[in-house]
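Record features, source Swiss-Prot:
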BINDING   15, 16, 17, 18, 58, 62, 165, 171, 174  ATP binding site
REGION    23-28  region 'Involved in allosteric activation by GTP'
BINDING   57, 77, 138, 139, 140, 141, 142, 143, 144, 145  UMP binding site
């Protein structure tokens, strides 16, 4: 039960990994997981939260892996972008089935499949209460979907980038391998870099830091965690500028 009557955030960018959609499966999309995530997003919409979503594509394709096997990295990344579009289509469909208005925008044109990304239109849709799913990353190779999440978050003026992962925050070490690893509740950008903690890739993280975009890492597989994050309850790890953490 939340101790805060009002949501802590009004406009968010939710970053989900493609792997999160797999559930217990080794590949693809688990329909049960997809529907549960759609229901959790629906709860936010009902609270009046404006929700942007970026989904990775690792459950369907990883360009980096095939690049190591000899495939051209640009080609591999283009295939990875298309994988995020497939995940976006699945999420849009799940949201529609949950009676949530959602729009899918792609950074690469896919006429007849989804809309082209348009910054002004995205903000207008968010203000009207629609969920906006941003697909195809940034539209450029060599850029991760974490970079896309931070970029879109900054563009739509989100108050925070929520990074849904398999662990419930940022730890001093891998909690799976080291049971004595310590979980951080709040950190500054500099502290994360100093400790070399792997929150997201460096390009994405420094983009967020340079534009003072807070990042909140939490466990998306934990039922109710997303709502608790939104309500400002102690959930996950919040990373923001050190001057704010000191206040």
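Note that Cβ sites are derived from N, Cα and C of the backbone, with glycine treated the same way.
The model shown is predicted, which means the values in this text are computed figures rather than measured ones.
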Beyond the flanks of the region 'Involved in allosteric activation by GTP' (23-28) by 6 or more, those residues with Cβ under 8 Å of it: 59-60
Beyond the site residues 57, 77, 138, 139, 140, 141, 142, 143, 144, 145: chain residues whose C-beta lies within 8 Å of the centroid, for UMP: 80, 81, 137, 147, 148
Least buried by Cβ count (within 10 Å) of the binding-site residues 57, 58: 58
Arithmetic mean of per-residue pLDDT over the region 'Involved in allosteric activation by GTP' (23-28): 87
When distances run from the Cα of residue 17 (ATP binding site) to each of the binding-site residues 57, 138, 142, 144, the nearest one: 57
Nearest-integer angstrom distance between the alpha carbons (Cα) of residue 144 (UMP binding site) and residue 58 (ATP binding site): 11
By Cα-Cα distance, the member of binding-site residues 15, 58, 165, 174 nearest residue 138 (UMP binding site): 15
Number of Cβ atoms other than its own within 10 Å, given for residue 174 (ATP binding site): 10
